[in-house]
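Chemist: Before anything else, here's the structure in question.
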């Protein structure tokens, strides 16, 4: 009995880790699918400066639609994380029962299910890295729809807000250039100023992190010195999107490492049981 005590302790510790990881994945997945309130809190630090400039309330209908758009984009990834998190949490409970009660059949079942889960995780990671560019293009296509439907910042439509929110920090204009804005209004009101006969949208101007225009004489006249008209958003947007997707992938790789260690530990534990 004393021989398998260290293995039991290690197994309990690993199961504690996988349970915590499972709950974390569950939480992130739930936020990406249903967490409009949580997402609103997370995005408030980014959205609030823009809302102040264009005089739109944080509880406006347009903001609700904006959050719905974001949740619609992240829901497939959230569902994947939700399923993996639930599997990790449930298997951790099974592992606790097997380790604490020395039930061999439970431990065999546990090891088999952990192996299946580990295989599923690594397959997801492999597919992600193999299709990463396609996922980046998916984000670009979603943004392209907003660019095509952009009207003006004064209109406060969800598409206009998406463009106004993303372009200044990414320092870019349009998907492939400023001529992508085929439905833009020639007039706009931004930060209390009225602009007419606009050549390109106001969000193509250089701005600071508070969404205040810093480019001299922009948007009355667009130049490469006061705006981002020569910087398309395709590549910066892909890089921005994939940066955070990579964080999720690295988390799954770490989860895979923990699961593999369990798969190798359980047979050793059973041998000394």
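The backbone N, Cα and C atoms fix where each Cβ goes, glycine too.
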Chemist: Which one of these stretches, 107-130, 131-154, shows up in TrEMBL as transmembrane segment?
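Modeler: Per TrEMBL, the stretch marked transmembrane segment is 107-130.
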Chemist: According to TrEMBL, which stretch among 223-246, 247-270 corresponds to the feature transmembrane segment?
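Modeler: That would be 247-270, per the transmembrane segment entry in TrEMBL.
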Chemist: Would you kindly list the residues that approach the transmembrane segment (9-33) from elsewhere in its chain, counting only those six or more residues past its ends and only Cβ-Cβ distances under 8 Å?
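Modeler: Answer is 39, 71, 74-75, 77-93, 95-96, 99-100, 248, 251, 254-255, 258-259, 261-262, 265-266, 269.
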